[in-house]
């Protein structure tokens, strides 16, 4: 990787922003620091305004696209991907509950209960009320998306895709480029009000835990896939290592699709199944991202002593799983899609979310690698339960051959191809 390419990556800019924020906190005058505090206040207010729109724009066409597909296997595969993502979040919750008490300490962060205590004040603030609440956006997106599947409205579906493209343009050209400045301001402010050392020391431990947990969860996925298919899980996992390594370098599930496809085929997954499952799961299966976000959210709850109950957090995981399906395929896309739920369900402030974003992007590639490697396990399972034929109608008793009620293989191929095209369209629109 050339220095120019490295310097252009979001991870590099986030790391530089964190380092500069820490360094500048030692000598910046209050007046200059308040400029960045003012920017952070405005940017945070804009996120509050934009996130409900982002949720509506991403989820509506995703739901409509799934409903318009030709095959029941798309729904089954998406269901498996969602279940895997939710299980990942629940595992993260269990691990955090068992380990954070001794890993992060029970009384080391009493001074951080109010992260804004002693913080600098912005020069001015502009209120930017959201057009609707996050939960309203989520419910409205589901209602309209499902309605479009019933009436087959091509005009409205096209409009929803265009809205998605516009929103993604805002994410890629405005929000993502400004994130380093936002994170610089957060670490500058924390350094100047004395909260920096405790936060960093805690999150270094959580970063290491999250990296290890994503690897262990991949192993668990292949143990399940091996039990279902009868294949050696360790050999199958080793075959997927090129996809894992590629994702480490690209931090993009979509960019890794060709390698993931080839690795899945080497694991004995038929071409039609691999060509259908891999593009779909590149968009809908984000178990690695869920693991990181859940662990980081629980770390914020622990460090800042937030009052979040068990059932409240489980509800957050269930909603976050839906948001992961709609997450844009850009670096940091999953955490950006999760911002609305973090604020709405857990009550996180802009500073809490900025810490989450910085931690997430720091190991973004490990989450992506876990996502794409898990796609291979799902492809193996779908290939087994579909017997390599997506969209079979044997159970419907349709006498297409005039003999045993089966449908010609061409029907399966057309159905798989249709579903694969829809999955690829959803993936392409977010990159």
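Cβ atoms are placed via backbone N, Cα and C, with glycine included.
All TrEMBL annotations are machine predictions without curation.
Look at TrEMBL and you will find 10-29 (among others) tagged as transmembrane segment. Cβ atoms under 8 Å from those of the transmembrane segment (10-29) belong to residues 176, 179-181, 183-192, 196, 200, 251, 331-332, 357-358, 361-362, 364-365 of the same chain, restricted to positions at least 6 beyond its ends.
What TrEMBL records for 49-67 (among others) is transmembrane segment.
Annotated transmembrane segment per TrEMBL: 79-103 (among others), in sequence order. Taking Cβ pairs closer than 8 Å, the transmembrane segment (79-103) reaches residues 205-206, 209, 213, 217, 221, 280-281, 284-288, 290-291, 293-295, 298-299, 302, 313-314, 317-318, 320-322, 324-325, 374, 378, 381-382 in its own chain, all 6 or more past its ends.
The transmembrane segment annotation in TrEMBL covers 130-151 (among others). Away from its own ends, the transmembrane segment (130-151) comes close to residues 48-49, 51-53, 55-56, 58-64, 66-68, 157, 160, 319, 322, 340-341, 343-344 of its chain (Cβ-Cβ under 8 Å, at least six residues beyond either end).
Residues or ranges marked as transmembrane segment in TrEMBL: 171-190 (among others). When Cβ-Cβ distances below 8 Å are used as the criterion, the transmembrane segment (171-190) is approached by residues 10, 13-14, 16-18, 20-22, 24-25, 28, 33, 36-37, 39-40, 43-44, 47, 50, 54, 115, 119-120, 196, 199, 328, 330-333, 336, 351, 354-355, 357-358, 361 of the same chain, each at least six residues removed from its ends.
Annotation source TrEMBL lists transmembrane segment at 202-224 (among others).
Taken from TrEMBL, the feature transmembrane segment covers 236-261 (among others).
Here TrEMBL flags 273-301 (among others) as transmembrane segment. Note on the transmembrane segment (273-301): residues 62, 73-74, 77-78, 81-82, 84-89, 91-93, 95-97, 100, 104, 202-203, 206, 209-210, 213-214, 217-218, 221, 253-254, 256-257, 260-261, 264-265, 308, 313, 316-317, 320-321, 324-325, 327, 329, 334-335, 338, 342, 346, 348, 352, 355-356, 359-360, 363, 366-372, 374-376, 378-379, 382-383, 386, 388, 390, 416-417, 419-420, 423-424, 426-427, 430 of its chain, located 6 or more positions outside it, place their CB under 8 angstroms from a CB of the stretch.
What TrEMBL records for 313-341 (among others) is transmembrane segment.
As annotated by TrEMBL, transmembrane segment applies to 353-383 (among others).
If you look up TrEMBL, you'll see 391-431 marked as region 'Disordered'.
Residues or ranges marked as compositional bias 'Basic and acidic residues' in TrEMBL: 422-431.
When the stretches 49-67, 313-341, 353-383 are ranked by Cβ pairs under 8 Å to the transmembrane segment (202-224), first place goes to 353-383.
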